[in-house]
Amino acid sequence: MVFSSSPQNPTLFKFYQNPANSKRYLHFRIIPTYFSLQRCEKSLFSSHSKLQTSNSPDSEETHFHRSRIINKGGISIYHNEGNLINVGFLKNPLYVIHVSSMEPIAGDYAENNPFSCNSMLHTSNSSDSEETQFHGSGIVNKGTIFRDPSGGDSIELGFSKNWSSVMDVSSMGTMIREYTEMGLFENAIGCYLEMLNFGFPVHKFSYFPCLIKAFAGLSNLRTAKQIHGHTLKIGVGNDIYIVNSLLAMYWKCSAVEDALHMFDTMSEWDSVSWSTMISGYNQSKQPKMALKIFIWMQESSVQMNRVAFLSSISSCTACRSLIHGRAIHGCIVKNGLDSDLSLANAIIDMYMKCGDQMNAVHVFKRVSMRSNIVTWNMMISGYVHNGFFVEALVLFHEMHVRGMGPDSSTVVGVLESCSHLSNLLVGRQIHSCIIIYGLQNDPRVETALLDMYCKSGDIETGMKLFEQSSNRNFVMWGAIIAGCANKFHATKALELFSKFNFEGGIADSKTVVSVLRVCSSLALRHKGMEIHAFSIKKELDFNVFVGGALTDMYAKCKDIGSAQKVLLRLPIRDVVSWNALITGYTQNDLANDALKAFCNMQTEHVRPNTVTIACILSVCSQLSVLVLCKQIHGYLIRNMLESNTLVNNSLIATYARCGDIDSSLRLFRLMRDKNEISWNSMLSGLGIHGRMDEVLALFDEMKVEGVIPNHITFTGILSACSHTGNSDEGWRHFRSMSEDYRILPEIEQYTCMVDLLGRAGHLDQAYDLIKHMPCKPDAFIWGSLLGSCKIHGNKVLAEQVADHIFELDSNIAAYHVLLSNIYEDFGKWDAVDRVRAAMKKMGLRKTPGCSWVVIDSKLHIFLASDRSHSHSSEIYAALEHLTQEIRDDGYTPQLHSVIIGHDEATEQSDFL
């Protein structure tokens, strides 16, 4: 479709049409001369206006407005089919139009709406000026109209008495700058190309930095190199301002090598050059290189500026370099910029992310009286990041007292604190504040509220929020599924996940991990396999977090083979994935495999963390291998992990279980940061070794230090009493739990007391204690009493106890064997046959015992009659030699409680 100007000026140009929506566009832009619009109340036309006209079947003529145009300046644009579109200037009660050096234009007021139903004028105010000016990119005397230089989907209209006076370099520069600021980079570049077409003296062009910024906005390296070459060709490529702009452009295009070459070839470097390099490396996620550039900048004679400091502080935050951060903070103070609020906010964020809360608080107090919401948010998010959730809530309260209203980031941070603290009361109060400040419809706030209610145990309110929300995106779905992913609402989490998939939701890795945790906690292997298949279908199975969760799920479902396969298929195996496999081996009593996995993990250069070490120390405890425990301890010292409290607690327990209680005590005394777990581990270790006096002394010391005893503390004390047979001391501490410390005994403490009374021969007291327990006894506590019945030969009580055990769980083979042995002790062979027949009928077999030994750092495990070892011949020969020496010393094995059917000679041979 073609339009022409007036008959006196027959220049033709295209009226561009957008094929996507079949709309045509007329575009109006600004030139700062000749035409001005005095605004009375608001501007109809701002710096950029777009008139959209549609091909409406109802009206062939689209009227822009009705008014008379200035002397000899009227322009009529004709449709090629003869339909007239009048173009002019509107005069109504709000707008009066003037022309420079002319009388005001006389015009008619617009009738009704100056725009028809088929046209819409979009305006934007990018200037605070009271005067909004109009221009055209190519208008000459008597209304000659030129095409749009950008070659886009618009034309440019304007009026001018003198082409050269309007279309100067400055005017085009203004257009380029405005286009660039609005993000219309192609239009900005189009204006410059038109300048070249008209032969403008571009070597005098002062807006090159804006033009280069437009090229940078395209993020296209090819076009970036074109403008670079153009600046060199016209002789402006050595200007420092232009060169700095080119440098920033290369960083924007992610062209690191080109940026480095540009920087190296610069004739001089100013503060902007250095700052651009620091910012560029930060954008490229190379904060350490950014810090090197900052150090080189310090060594040069260039004056440090605010941007350089901001960028370098961001580098310290990114690479968690507290040493460099403190040094740069010192430089900022030295340069007198510490009062800058933006710098202060960046410094607070850096200190918080690096774990230095004390200095962060110091900086915050210095600027708190003139701080803004960003400053407070930095402090609150910093506290949350470092686990100081109570402090975050206190700071939020102080912020509220000062009358500073929160924003979305603020409430998200404090709601996260409530989630970690499971503080439902405070969470509800913050919910009220959210409603007061009108933040309840923000998707981030809704998700944080949902997470808080779920993690605080109020799933019902969380579900209500979820159902009422209009922003139910995949993040909210993930939050509600994760909130229900615990042992109390696990089934609900699985239902929600199924519903989410049914509604076409796109699950992310976090949601899949949450559902896999449900399967792990409930040992739902079949459901876990379904989620595994889903993750493969959605191409999430190679995600390191999903892979770790799958490994953990299979391990906890006792499918170690599948857990191994999942781990080995992962392209990247991180420490979490390895920990899941090692934990699975440990939980399934595969200590040797756990040690092999620990070695393989280090072979792949994956650094173990405290969780890994705790798992391996648990393996050492299972095996009771002191040498291995000492090796792990040495590894911790070499890798500077020995100061970690969690690791030290595990070491104390492991040394005790491996028989080296003195090393446990020595390590305990050397610890600087002891928590209640440290004290309980030491008490339990001393209890295992029957060192009753030291247990009581340590318990008194614990109370002096202000450590409050808990259930585990008394379990250790009662265990010590049991190992020493001190029933009086045991009763005293058992009663002290509720009388002195208001701690109600649980099943673990009752089990210790039953074991204590059973060992001391007080079987009736133990039986009465079980019968009067406030909690329901389990098979384990009855089994403890059954073992005592065998020791003390109480068949009658043993039968009663066995009835209770089999009523709770009849599938535990060990208790059937124990009852059978009791009958054998009394010669009740019919009862023995009955027990053995019941076991056979139920398919129960007692797991064979095993023994092990570590030789030359290698673990050797043996089962009864096992000949699978490569040196079994030599081993059995040595065993026969030892057996003969036993016989020579006159030892005769006791043959009661043996399997029926052996003759005496065979029995003596088997049991020597």
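Positions of Cβ are set from backbone N, Cα and C atoms, glycine also.
Listed in TrEMBL for this protein:
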{"type": "REPEAT", "residues": "168-202", "note": "repeat 'PPR'"}
{"type": "REPEAT", "residues": "270-304", "note": "repeat 'PPR'"}
{"type": "REPEAT", "residues": "372-406", "note": "repeat 'PPR'"}
{"type": "REPEAT", "residues": "442-476", "note": "repeat 'PPR'"}
{"type": "REPEAT", "residues": "574-608", "note": "repeat 'PPR'"}
{"type": "REPEAT", "residues": "644-674", "note": "repeat 'PPR'"}
{"type": "REPEAT", "residues": "675-709", "note": "repeat 'PPR'"}
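Under DSSP, the residues of the repeat 'PPR' (168-202) split into helix, strand and coil as follows: 28 helix, 0 strand, 7 coil.
For the repeat 'PPR' (372-406), same-chain residues at least 6 beyond its ends with a Cβ under 8 Å from one of its own Cβ atoms are 341, 344-345, 348-349, 351-353, 355, 357, 360-361, 364, 413-414, 416-418, 420-421, 423, 426, 430, 433, 437, 439. Sequence-distant contacts of the repeat 'PPR' (675-709) (same chain, six or more residues past either end, CB-CB distance under 8 Å): 645, 648-649, 652-653, 655-657, 661, 664-665, 668, 715-721, 723-724, 726, 729, 741, 743. As a summary of secondary structure, the repeat 'PPR' (372-406) carries 26 helix, 0 strand, 9 coil according to DSSP.
Secondary structure counts, DSSP: the repeat 'PPR' (675-709) has 26 helix, 0 strand, 9 coil. Model confidence over the repeat 'PPR' (168-202) is summarised by a mean pLDDT of 82. Secondary structure counts, DSSP: the repeat 'PPR' (270-304) has 26 helix, 0 strand, 9 coil.
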